[in-house]
Structure formats: structure tokens, C-alpha cells
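Enquirer: Got a structure for you, questions after.
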Amino acid sequence: YYTPEYKTKDTDILAAFRMTPQPGVPAEEAGAAVAAESSTGTWTTVWTDGLTSLDRYKGRCYDIEPVAGEENQYIAYVAYPLDLFEEGSVTNMLTSIVGNVFGFKALRALRLEDLRIPPAYSKTFMGPPHGIQVERDKLNKYGRPLLGCTIKPKLGLSAKNYGRAVYECLRGGLDFTKDDENVNSQPFMRWRDRFLFVAEALFKSQAETGEIKGHYLNATAGTCEEMMKRAVFARELGAPIVMHDYLTGGFTANTSLAFYCRDNGLLLHIHRAMHAVIDRQRNHGIHFRVLAKALRMSGGDHIHAGTVVGKLEGEREVTLGFVDLLRDDYIEKDRSRGIYFTQDWVSMPGVFPVASGGIHVWHMPALTEIFGDDSVLQFGGGTLGHPWGNAPGAVANRVALEACVQARNEGRD
């Protein structure tokens with residue numbers, strides 16, 4: 001399984017693993033073990049191996065490089081033949097590549113840093129229900145980032161008070177408000193009541209401002225059937241957008257919801273709750289850029305992508321690396337930004353990155369510069385924390401945003 005002479009094919013799925021072998025285990029052996037365990041291998045030779053062509057189906061570790069500045073850490077590059085994966089299934093792709101290998105005895109730690117998805121595979125996915133351009137056309141909003149706000153306190157408000165908070169924010173000039181990721185259907189606010197009061201807030205604020213407004217109605221639920229029921233109800237109310245927690249809800253549920261949203265003209269906002277459990281450790285887990293690529297394939301029109309400046313962790317260059325992987329069509333390999341492979345999405349629609357978490361108006365110049373126009377800037381406490389209330393907080397955000405955009409367009413600081 002360690003084959004340094006192997007030339008990768010255009011149809012191979014390529015993976016870059018950061019591996020820390022146990023003391024005494026050579027890097028080549030560890031790399032081969034990763035390739036074997038995540039493809040056709042098992043711990044011993046079995047007679048049924050003779051009934052198939054392992055050469056055709058096995059994963060191959062084709063390169064290993066030591067990580068600069070780290071002791072006993074290596075980047076192992078593994079190529080997987082396309083036929084190992086079911087078409088159009090992120091679930092199957094991740095089950096194969098990261099399903100079993102992370103508990104391996106020969107490794108002290110293992111992290112999936114990046115994946116190269118070949119066009120032959122990405123073309124089997126629908127991708128985002130609508131994408132950046134279609135969303136702008138639906139909302140009739142151009143030439144600036146979109147503004148959002150998560151309604152706080154995230155838990156405990158009644159549906160009517162919740163709807164009022166939504167109305168105040170949208171009236172003040174925001175484009176979107178948002179259910180917090182853990183607002184589903186709790187005793188203090190059942191989902192149907194929330195959807196009804198929020199729809200009222202949407203239409204009232206639209207009538208007043210003459211702008212199209214949205215609220216990310218969280219359709220995440222305990223079963224896929226219940227999730228779809230909520231999405232259907234949101235569509236019947238005339239809401240423009242629903243929301244899903246894609247890691248806790250799962251990729252299968254997410255892809256089903258994305259198909260429904262595309263067929264029925266709903267935008268889909270994706271929250272990444274639970275991502276830090278998977279991506280925060282530097283030497284073990286899965287890097288968020290892989291989770292972001294997986295989401296673009298599974299389907300979503302917005303996804304949270306860190307802020308570079310707020311309360312949550314995120315390094316600037318690396319964050320911009322996966323922001324580009326979400327938005328752009330073709331992304332060159334660039335190790336300084338953590339991009340291990342050139343990725344060609346062959347015209348799959350892009351995803352709006354959402355900057356959210358501890359940001360406020362003072363961050364606006366930095367945010368517009370870092371994220372550019374195709375992004376959603378989401379201020380929770382940064383809107384609702386305004387001493388005069390939600391609507392003035394929303395006004396402050398909108399004014400700050402338009403000032404920054406105007407300054408940029410006129411070439412002023």
C-alpha cells in the first residue's frame with residue numbers, strides 16, 4: 001500500500017493526512033496502514049483477496065513528507081480509486097476515508113487535512129440548492145455583503161416575543177435574522193408557533209422597508225421525516241430560507257433537505273454546530289476545510305466559516321483558504337493557506353461563507369476587507385446589544401456596512 005512510484009490519476013480522490021506514528025513505527029509503515037485500512041485492507045491476508053483485483057481497488061500512499069518544526073509528524077498523501085465510492089454520497093465518502101482508520105494502534109494521532117475531489121466525482125453531486133448568484137437574484141441584493149443576526153437569548157423566549165425581536169431587527173435594516181442552532185422545538189417555544197410568528201414579522205418588515213427579508217427557520221429535528229415536515233411548513237408560509245445543523249443532523253439528512261430546497265425554491269442556511277469537536281485539535285481529527293468541501297457537495301447556500309476577528313478561533317490565511325474553497329470555481333494549491341491540492345469544482349454553485357461569533361460594528365472595516373462582497377456578516381450581540389434596542393442596533397450595522405462598502409468603492413480608507 002506504500003507505493004511512492006504511483007502516478008495519481010485525474011479521477012483519484014486524493015487525501016492529505018497529518019499522522020503522528022507511535023514511537024518505533026516507521027512513517028512508511030504508518031502511511032501504508034492508513035491507505036490500507038481506509039480502502040481494501042484488513043489486518044491479515046484473506047483467501048477472498050484472490051477473487052478480486054486489489055490493485056484496481058486499493059488506496060495507495062504515494063508520498064510522505066515530514067512536517068516542518070514538528071517532531072515525528074508526517075503528511076501522508078493517499079490516492080483512492082474512484083470506484084471505492086458511491087456516487088452522490090458524502091456519507092459514503094467519509095465512511096470510507098475517515099470511518100475506521102482513526103482508532104488505529106500504529107498511530108498516536110491522525111488528522112485529515114485536505115481532500116482533492118475530482119470532477120468525475122463532484123459531478124455526481126447536486127451541490128448547493130441555489131448558490132451565490134441565484135440567491136442574490138432571489139433577494140435582489142447586490143454589491144455588498146448580506147447582514148444577519150442571531151436572535152438572543154438563544155433559549156427561553158416565547159414564540160411571540162421571539163417574532164417581535166425578529167421584526168425589530170429586520171425593520172432596522174438587516175437582511176436576515178437567524179434561529180440559534182439549538183432552537184428546535186422546545187417546551188417554551190414549539191416550532192410551529194415560532195414559524196408562524198416569524199412569518200408575520202417577515203411580511204410586516206418587508207412591507208415597511210420594501211426589501212426582501214429572511215429568517216433562517218431551523219428545520220433540524222430528531223428524525224428526517226420531522227425535519228422535512230418543518231421545511232414544508234416553512235415553504236407553505238412563504239419563508240425564503242430554512243436552516244439545518246449539518247454535522248449533528250448528519251450528511252444524509254442534509255442532502256435530502258438540500259434536494260427539497262432546490263426543488264421548492266427555498267434557500268438553505270447551514271450551521272456547523274459540533275465542528276470544533278472534530279476540527280479543533282491540530283494533530284487529530286478532520287480540518288474544517290474538509291468539512292466545508294463536504295458541505296458544498298452535500299448542499300447548502302450559506303455556511304458558518306469563522307470570523308478571523310471575533311470570539312472564536314480562526315487564523316486569517318487558513319480561514320480565507322477555505323472561504324475560497326466554498327465560493328470559487330477553481331482554487332490553486334497553496335500550502336501557506338492550508339490548501340494541499342488544486343481543486344476544480346467545474347461550475348458547481350458557490351456557498352456564502354457566514355462570519356459569525358463575537359463581532360460588532362467596530363469589526364466592520366476588517367470584515368468587509370477580509371470577506372469581500374460574497375459573504376454574510378452575522379452580528380448577534382453586536383445587534384441586540386445596542387443600548388437603544390434591536391432596531392437601532394440593526395440600523396448601526398447597516399449604516400456601518402454601507403459606509404465601508406462606499407469607502408472601498410471610492411478607494412478611500
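The backbone N, Cα and C atoms fix where each Cβ goes, glycine too.
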Enquirer: With Asn100, Thr150, Lys154, Arg272, Ser356 listed by Swiss-Prot as substrate-binding, which of these, His215, His304, is given for the same site?
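Expert: Same substrate site in Swiss-Prot: His304.
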Enquirer: If one measures from the C-alpha of Asn100 (substrate binding site) to the C-alpha of His271 (active site, proton acceptor), what distance in angstrom results, rounded to a whole number?
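Expert: Taking the Cα atoms only, Asn100 (substrate binding site) lies 26 Å from His271 (active site, proton acceptor).
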Enquirer: Same chain, not part of Lys178, Asp180, Glu181: whose C-beta falls within 8 angstroms of the C-beta centre of the Mg(2+) site? Give them in sequence order.
Expert: Thr150, Ile151, Lys154, Asp179, Asn182, Val183, Tyr216, Asn218, Met243, His271
Enquirer: Can you tell which of Lys152, His271, Arg272 has the least company, meaning the fewest other C-beta atoms within 10 angstroms of its C-beta, among these recorded positions?
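Expert: Sparsest of the recorded positions Lys152, His271, Arg272 by Cβ contacts within 10 Å: Lys152.
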Enquirer: Please state whether DSSP places Lys154 (substrate binding site) in a helix, a strand or coil.
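Expert: The residue in question, Lys154 (substrate binding site), is coil (DSSP, three-state).
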Enquirer: I'd like the Cβ neighbour count for Glu181 (Mg(2+) binding site), meaning other Cβ atoms within 10 Å of its Cβ, all protein chains included.
Expert: 21
